[in-house]
Amino acid sequence: MRVLVLALTVALVAGNQVSYAPEFAPGKTYEYKYEGYILGGLPEEGLAKAGVKIQSKVLIGAAGPDSYILKLEDPVISGYSGIWPKEVFHPATKLTSALSAQLLTPVKFEYANGVIGKVFAPPGISTNVLNVFRGLLNMFQMNIKKTQNVYDLQETGVKGVCKTHYILHEDSKADRLHLTKTTDLNHCTDSIHMDVGMAGYTEKCAECMARGKTLSGAISVNYIMKPSASGTLILEATATELLQYSPVNIVNGAVQMEAKQTVTFVDIRKTPLEPLKADYIPRGSLKYELGTEFLQTPIQLLRITNVEAQIVESLNNLVSLNMGHAHEDSPLKFIELIQLLRVAKYESIEALWSQFKTKIDHRHWLLSSIPAIGTHVALKFIKEKIVAGEVTAAEAAQAIMSSTHLVKADLEAIKLQEGLAVTPNIRENAGLRELVMLGFGIMVHKYCVENPSCPSELVRPVHDIIAKALEKRDNDELSLALKVLGNAGHPSSLKPIMKLLPGFGSSASELELRVHIDATLALRKIGKREPKMIQDVALQLFMDRTLDPELRMVAVVVLFDTKLPMGLITTLAQSLLKEPNLQVLSFVYSYMKAFTKTTTPDHSTVAAACNVAIRILSPRFERLSYRYSRAFHYDHYHNPWMLGAAASAFYINDAATVLPKNIMAKARVYLSGVSVDVLEFGARAEGVQEALLKARDVPESADRLTKMKQALKALTEWRANPSRQPLGSLYVKVLGQDVAFANIDKEMVEKIIEFATGPEIRTRGKKALDALLSGYSMKYSKPMSAIEVRHIFPTSLGLPMELSLYTAAVTAASVEVQATISPPLPEDFHPAHLLKSDISMKASVTPSVSLHTYGVMGVNSPFIQASVLSRAKDHAALPKKMEARLDIVKGYFSYQFLPVEGVKTIASARLETVAIARDVEGLAAAKVTPVVPYEPIVSKNATLNLSQMSYYLNDSISASSELLPFSLQRQTGKNKIPKPIVKKMCATTYTYGIEGCVDIWSRNATFLRNTPIYAIIGNHSLLVNVTPAAGPSIERIEIEVQFGEQAAEKILKEVYLNEEEEVLEDKNVLMKLKKILSPGLKNSTKASSSSSGSSRSSRSRSSSSSSSSSSSSSSRSSSSSSRSSSSLRRNSKMLDLADPLNITSKRSSSSSSSSSSSSSSSSSSSSSSKTKWQLHERNFTKDHIHQHSVSKERLNSKSSASSFESIYNKITYLSNIVSPVVTVLVRAIRADHKNQGYQIAVYYDKLTTRVQIIVANLTEDDNWRICSDSMMLSHHKVMTRVTWGIGCKQYNTTIVAETGRVEKEPAVRVKLAWARLPTYIRDYARRVSRYISRVAEDNGVNRTKVASKPKEIKLTVAVANETSLNVTLNTPKNTFFKLGWVLPFYLPINNTAAELQAFQGRWMDQVTYMLTKSAAAECTVVEDTVVTFNNRKYKTETPHSCHQVLAQDCTSEIKFIVLLKRDQTAERNEISIKIENIDVDMYPKDNAVVVKVNGVEIPLTNLPYQHPTGNIQIRQREEGISLHAPSHGLQEVFLSLNKVQVKVVDWMRGQTCGLCGKADGEVRQEYSTPNERVSRNATSFAHSWVLPAKSCRDASECYMQLESVKLEKQISLEGEESKCYSVEPVWRCLPGCAPVRTTSVTVGLPCVSLDSNLNRSDSLSSIYQKSVDVSETAESHLACRCTPQCA
């Protein structure tokens, strides 16, 4: 019994241990049938697809424990390109034969429990073929768990290690085991792929990918297995891989790749499978092995037999095809050359260079192609050629820049770039060294993006450079090194950078501010990898309020680049509530405000945090003017398409000046789930404005500075600010990397000026002129590999899949120039000789460009390609032949365009999407199928004359669009391809014999789905053709200009007018109209209808050759006349083509009643603002009228128009009495020598001050022309009449400009009136009117619905004051007005006009003066009230008889000092100005202001006074005296009996000090004392700027001095008895003097212990540096009386 129980137990345990893992029994061979294929294209049927199929028998047998052999039998490789599913796969017989040796070779693999381990193969099997074996073996990879039926795990496969989901189901009835394995390709921990191109420049946008995807894929495998005791047998396995890709979100349609594999069990052979007798070496695991995929471009498949010979052939083809003209296929040939160079060995490239380096064209193409190789081989070649000196500096710069961006970053490339930087040829050229160094940083960054754990040793050489430069205090070297570290963005660089930042490095304070800013900006890229580390540093910089505001604002830019969390943004907001610097406050607030509206996904959390922060802050911060720093950010993101763009701009100022100190701007693009900083630039200027405007000829006099400093010596602890050194810097970033920068200082500017004025530039100019005279020709071509973006990854079949974008271009130009000069120039000629010569030049220029762009998705292996390819080919060529002649002495200029034969298409653009299948053994049999099948259609054309384009262009476009109406698209069946869109638009100018046509042909897949990707896929073309127009042959187009007396000789068509005949014709028309119209109508009405009728008939003159067109024209004319007549009956307003303004005066009495009634009806709804403009308008008084006596005002109100009419009627055309002063001919020279074109003649009559311009058509019997008559009726009025049409009678406008007065202020009024205008001008005017209305409302311009004259526009501009205008614009339906429109400059009127007399004859100085005056900062003192430069008002009690510093230059230059003294007896202010080497005193005396220069009084009769240098002027203004010295920083100092006014120029802002403040806009830091401490009250601040007396015998009678006062009582501070002294000294009488007047002031007191030895005799400097412990009230003396015995 026990034996039976034991047997049952053993059997039960054995039954539970059945293995589900596949097992292959030793000694047997398992035969399977394998088939796998890949198809790519759009998912819909009826479109073309491309694919590859692999079929074979598969034999598997055991080779040992856990070791197996796999062998293929009868493999077949097929390709597919055709309409799916109609076409079939076509076997690639030659390719199969070529690969059969490798495919039939068995491979070994480890296999245990369903998991494949290592793979072994002989060396003869290439990596590409072995990957195919891996794709097959992947079908047998399975991790089966006995205890679970549903589970997830990270499984190794061909594509790497990805998340895999298992479902196991056992069918006990059928004795089958069903397994489903699904692999999510979007969640791989170790994905096998290769990225080429933009990988180092883009940033992944995780938030964007959460909203949509551009690439998605999954693999599903179904197994049917038969379980057994020894293991399961795989009966069938089916795998399906689906991959979708779209650059604009796969939800909106995508190109897909579908791969399917099937393995079907066939039989078990009893014989074992034997391996080859060869060395089986380990070849990796089941993971796909990347090999030569980078070398193979998917655009074309090359069969390479002799790479050197093929390179030579390709190079010769490129050179020959692009000799001065870019061939259409050149970009593709260029890509072919690059592919061949990638395959070639380094020695072969060296041999090619040696062969072609002396041939300029071949050399040029080689140097442009080698960087595109994309490996360190290119860098090695470039380095060796630079070291050997075989390339020029320009060639080296081009090669370095190209290779930096195109070469794939690896350790070898980084070492080569590092070594290149230290080569002598590079170190000696500063520009090349900068390029190499910046490129080194870019290379490190690209490497670290692909290898996040890159070592810090990569950037250690730059760290060493920083250490050495810091020891030498070499700011330029530090700036370069910081930009390199900024490009690299390695976290290990944080410590070296921090050493250069104030507050972190001990030596940082000795460095220039620009170094601090560069160091801060270098943190930006590090912050994208380590945001927390950078946030700590940048926040500390911002919080340190002792640092320069510019540095703090740059730190904020760095902070926001790290995508701040809510907590930090709230911290910033709380800090701003107590921020004393308004520049910083304005910048941060505006940056936060801008981010509240962001729509980009990656900044959504920042936007939410900024919305909270803005609520914390006060909205009044937004009211700060644009003189304060600002940050701007605008963006837009379209979620459905995953497309977006963002732009940021930073305007950084430091003293509220007009010109900012720093400007930065950046543009970012979002595409396909990544973002890239496309372009960034910055410009920084410090002291540039000052360097341009301040006096340059002021001698650096030691005596002057000594005198200035002596006056300020008494100021307690006064500290001079450092003078600004003129410095400018520029930088440019492309794709987020610094590529170029420049620091511009005085030395560089001097070098540029020296070069521009030196003999070398003259020598070069002479050589260029000699080359032109001897004949110059050049044929130039330049290839560019602009974009190569590739994403390579394996498919489940083991074939490489590629998504790529290529752009290549070739530009070319052919130039031939021949010049002649008569008479010939002497050898030592001066450039002025050219102005006296007759210069002729012939030139032929042919610029051309060819651009190819390819987008590829599909299989790309060295032996077979099957892909969907979109290729765009753009080509443009614009050949020109021209001749020019210039004779300045004779005033003659001509320019001729000569026809170019054989050129029709000047521009073309084609885009097609095709399915391609080809293999390397059968390239001739490659099959290319359009994805959208082609279906021919007859095109419909619409040809237009250029003269009709403005009327009919829109109609023609819409008509041609009807070829494929929208409804037809919707009605098209699912499988029926709609007809293509075909359009042809032409414009013809018969005058010059040119016809231009645009042909459009388009067919796409939007009939299936209307999304962007479907719209792109198809065939599209656009052609721009220029051909000779039908008609007479044109030899050339010529432009001639003749000035002077010979202008009459160039007149080809005399313009005459038979006035009697014209008048007679008008009378006949009037008689006919008189019978039709009512008797009440006046003659002017008849004239208007007549004009309208003649206008209509003249419009059809061009078709008058045929009787039908003539009759239709007559009918149109008749109907037009009748319509005009009927409309005139309804409207009593009168028209006259002669002069609309004159008619207005004729009918003024008759229209007065209607205008008054209309104004009364509208007055009930008028507002107060309306009353303002009406008053402003009615007060306009003409200066022209004031020339006449008052008694004749009514008579002369029409004198201007009447005089114009009388002169015009007397002499219609000035050609009858004067010769033209200028003649311009723009004509086509016909073969039959008939005139064709236009003639412009300008006449001037001095007697009547009349200018007439006549534009006439040169065609015989064509009377169309434009006539413009301008006449100066007086010094205050100018009138212009412009008429055009046949005989200048169809259309009429009149413009009158006149000066006048509005409430005694100067004004200008311009009127535009018309009688009749063309339809297109009226339409355009309506659009302009709507635009003006919209813009006016947005800019605070008032608008009233007040009707004006129906055919008149009037603009009135009146002076409100020297800096503002009152503007009124009257239109027929609205009136716009703006009162007090502020100007950015002073008008040259009143006081400004008088001040400009000092610059008489120097208009540039006058303009500069008006601009600087408007930007000046102003300070005013009235009695004891001061209004500072920053517009802050305070009252002060001034010590008697003491001078105070009102304003001064606080730099070490001390360009000026303005002292103020209060005469307490007379209660008036006196000022003393120390400027340059003179002292100017101004003081009131006997109700007048007296001025002394160096102690000598200047009588008022001798004013204005001009200093000998010409930079200082003293003049009388109103009731006072003013001094002007803008080039010294003082715009104006003015003193009257009751007011003192000081104005400093804009570039002095932030550099002044004194009672008026710093003029820096910082009102929160207004009370700045001489030692730069901010006082707590105005009194202490004012007293700090008083100059104390030296002794009680001082002539100034200021018997006081500053003292630090000890607190009279002892206090307990922090538990210790202390004595306190004032840190803000107060005024006390000198020893021996007693106070007679005092005041109380609040002072801050630092305290020391009672044991301290500090007493009054000790130096007070240590006290002034201490912080304030307590505040107390102290007594300050204002007036003292001294005893005779005082010292």
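Placement of Cβ uses the backbone N, Cα and C atoms for every residue, glycine included.
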### Whichever of CYS997, CYS1267, CYS1288, CYS1419 is disulfide-bonded to CYS1556 when Swiss-Prot is consulted
CYS1419
### Query
Under DSSP, is ASN1577 (N-linked glycosylation site) helix, strand or coil?
coil
### Message
Between ASN1004 (N-linked glycosylation site) and ASN1257 (N-linked glycosylation site), how many Å separate their Cα atoms?
### Response
47
### Query
Hey, how far is ASN1390 (N-linked glycosylation site) from CYS1419 (disulfide bond), Cα to Cα, in Å?
21
### Query
Compared by Cα position, which of the recorded positions ASN1019, CYS1419, CYS1442, CYS1556, ASN1577 is the closest one to ASN1292 (N-linked glycosylation site)?
ASN1019
### Summary
CYS1556 (disulfide bond), DSSP three-state class -> coil
### Task
Quick one: pull the CA-CA distance for ASN1019 (N-linked glycosylation site) versus ASN1257 (N-linked glycosylation site), whole Å only.
45
### Query
Should CYS1592 (disulfide bond) be counted as helix, strand, or coil on the basis of DSSP?
coil
### Summary
Whole-number Å distance separating the Cα atoms of ASN1577 (N-linked glycosylation site) and CYS1442 (disulfide bond) is 20
## Note on the structure
Rounding to whole Å, the Cα atoms of CYS1592 (disulfide bond) and CYS1419 (disulfide bond) are apart by 32
### Task
For ASN1390 (N-linked glycosylation site), just count the other CB atoms lying within 10 A of its CB, please.
16
### Query
Taking ASN1292, ASN1342 as the glycosylation sites to compare, which has the smallest set of other Cβ atoms within 10 Å?
ASN1342
### Query
Given the disulfide-bonded residues CYS1442, CYS1556, and counting only Cβ atoms in the protein chains shown, which has the most within 10 Å of its Cβ?
CYS1556
### Query
Taking every residue in the domain 'VWFD' (1417-1593), what is their average pLDDT?
86
## Note on the structure
Comparing the Cα of CYS1419 (disulfide bond) with the Cα atoms of the recorded positions ASN1257, ASN1342, CYS1442, the shortest distance belongs to CYS1442
## Note on the structure
Least surrounded, by Cβ count within 10 Å, of the disulfide-bonded residues CYS1419, CYS1592 is CYS1592
### Task
Based on Cβ atoms within 10 Å, give me the single least packed residue among the glycosylation sites ASN1004, ASN1019, ASN1257, ASN1577.
ASN1577
